[in-house]
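A.B. asks: My questions all concern the structure below.
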Amino acid sequence: MTFTAAEEKLLSQRDFVERQIAKFHATANFKVSDVSPEDETGNGDDDRDVVVCVRVRPLLEGETQRGLFPAVTTTPANTTEDKIFVHSVEKKVTGLPRLATKDFGVDHAFGQTSLNEEVYQKAARSLIPIALGGGVGSLFASGQTGSGKTHTMTAIENMIARDLFQFAREYRCQQDGLKLEDVSDSADFEYRASFFELLGNKARDLLNYPTEVSILEDVLGQVQVVGVTEEQVKTPDELTSIISRGSSFRKTIGTAKNDTSSRSHAICRIKIKNLRRLEAEEGVLYLLDLAGSESASDSRNHDKERMQESVEINKSLTTLKDCIRNRALAVVSTKHIHIPYRNSKLTVLLKSAFELSSVRACKTVVIATINPNILDTNHSLNTLRYVSPLKVEVPPITEAASPNDPVSWSNTKLQEWVKQNSTQIDPAVLCPTETGKQLLKLPEATFIDRCCECPGVSPVAAKKFYTKFWRLVVLARTKIRQDREDALQSVVDSRKKANDAEYLEFLERLKSDPQALARWMESRRRYEEYEKRVEEDLKDNPVLLAHFKEERKQAREWREENLEKADLIIDQILEKGSGREAVVAMAEVLKKVKEGADFLSE
Ligand SMILES: Nc1ncnc2c1ncn2[C@@H]1O[C@H](COP(=O)(O)OP(=O)(O)OP(=O)(O)O)[C@@H](O)[C@H]1O
């Protein structure tokens, strides 16, 4: 393959680019982490429903021989924030060219020297306990053709096969106090694996090629892959052998049919049934090697059929991105957010990973693979623009801000709820030490087991109680949204007539920054609490109470007008406690306000 004149020119600037990249890294002020890279396990991601990773592959021998060189780098392993940098040469009309660098923040950035084991440990391993516990764990590799999706996915699939059975055995040992050597690989769980590919809207069974299978939603809303082979596996070797059968078959047809592999999504699905607790939901692991994304220029020479396939691939990749991102946003957003999973067969298949009303744990890991060579920087940028919006910051949920969300509950609060909601389930047995968040992480079967240890509790009743507990999370997800909508509406209402820039800027900030909104809601809640407390304290003093009510009216009006400043001085008022002192404090504040004091600078 020959290079164009522009490519030749770029490659001739190798020394300049390499020097500039070295300078960029030498002068960058990366924050160094106290945790050594070896100790970092990726467990910090535990709270996140979506984890975004990038992996830069090394240049291949043939590429180096052709004179290509890398222009994509990552932050060093010991830094607190993981970033990936795409460097390019910016041509100036006059003067010397300069190095332009675009950076993208991700949860884990794996550089050229990262090994498969490290990627697996930090990015993928945490999906195993989720699936064993009855949840949905999904892993996607996405990126340009030839960037290393299959290399990464095949390695991870084999490591999952290696560890899945081990995790299950350890789980059994913990439950029954047994020794690892006394527990077999298939103890307690039944595993069924399928391997199929999705090309356009057509799905074919890779364990029984070329049988076509259909992805359908049944009347109960459950997604079925009708006609697919599901093989029961009892050992790591059996699972590895299915994975290699499916993968090698895909490779064979890929070569025979003009490289189909990069145009189809390969899906390995492992269903996990807990045989001890048939009432518990089946866990699922989806391992997806996605079709390589293609740009319009790549598809210029395609025939009509291939063009249609490219359209379908791009549509399914866009829908997948929208579903992952919207699912993450919907949990923290102020608005109703639609999750368009019906727009493609791929996302219909993965419906259970996107459902907001799901009463089980769901976690999605996306690994974007990057070919670092300088001639592919546009492809790399496209891949990174595709995955970086999936990283949605989720503000911590505090008990004060969402008292009905079990995620924020302490052990005491959790035990109280159990006591109030069941006469038979003993909180000391179900959740002796756990917080709400920890109990939500407990596998469904263990939750049911613990309930059944209490006299008179049947597995069916235990399952009902589990669903009741999880429903609170679903309700809270929707309720938080409702509260946020109300809070924003109150800002809008309070200043409907005003249209000044300060107000609009504040409103925009609340809309775009969930943490600022959470802080503002918290301050509003504390203020309301304060008002109630003062009323309570003054109930025997009608004169002072009347005075307070009048002051309060004015304070509220002022507050509505000065939303942000009000938050700052609320603390000052609250410090005075309640009763007479607080009323005096509030009167003082109002007086100062009327005199035009600027609290922000005080
Ligand atoms: N991290 C890596 N270390 C070493 N070699 C790698 C790495 N990643 C990929 N490769 C090599 O790069 C080549 C292309 O990788 P791979 O086939 O996985 O790409 P792909 O993204 O799956 O491509 P396609 O979309 O065409 O299926 C292979 O020869 C693979 O062995």
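Each Cβ is built from the backbone N, Cα and C atoms, and glycine gets one as well.
Note: TrEMBL annotation is automatic and uncurated.
Found this in TrEMBL, in case it helps:
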type	residues	note
DOMAIN	49-393	domain 'Kinesin motor'
BINDING	GLY143, GLN144, THR145, GLY146, SER147, GLY148, LYS149, THR150	ATP binding site
A.B. asks: For the binding-site residues GLN144, GLY146, SER147, THR150, which residues place their CB under 6 A from an atom of ligand 1?
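C.D. replies: By the Cβ criterion, which requires under 6 Å to ligand 1, the hits are GLY146, SER147, THR150.
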A.B. asks: Can you tell which of GLN144, THR145, SER147, THR150 has the least company, meaning the fewest other C-beta atoms within 10 angstroms of its C-beta, among these binding-site residues?
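C.D. replies: Taking GLN144, THR145, SER147, THR150 as the binding-site residues, the minimal 10 Å Cβ count falls on THR145.
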A.B. asks: Within 10 Å of each Cβ, count the other Cβ atoms, then let me know which of the binding-site residues GLY143, GLY146, GLY148 comes out lowest.
C.D. replies: GLY146
A.B. asks: What mean pLDDT score does the domain 'Kinesin motor' (49-393) have in the model?
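C.D. replies: For the domain 'Kinesin motor' (49-393), the model's average pLDDT rounds to 85.
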A.B. asks: Below 8 Å Cβ to Cβ and six or more residues apart, same chain only. Which residues does that give for LYS149 (ATP binding site)?
C.D. replies: ALA141, SER142, GLY143, ASP289, LEU290, GLY292, THR369
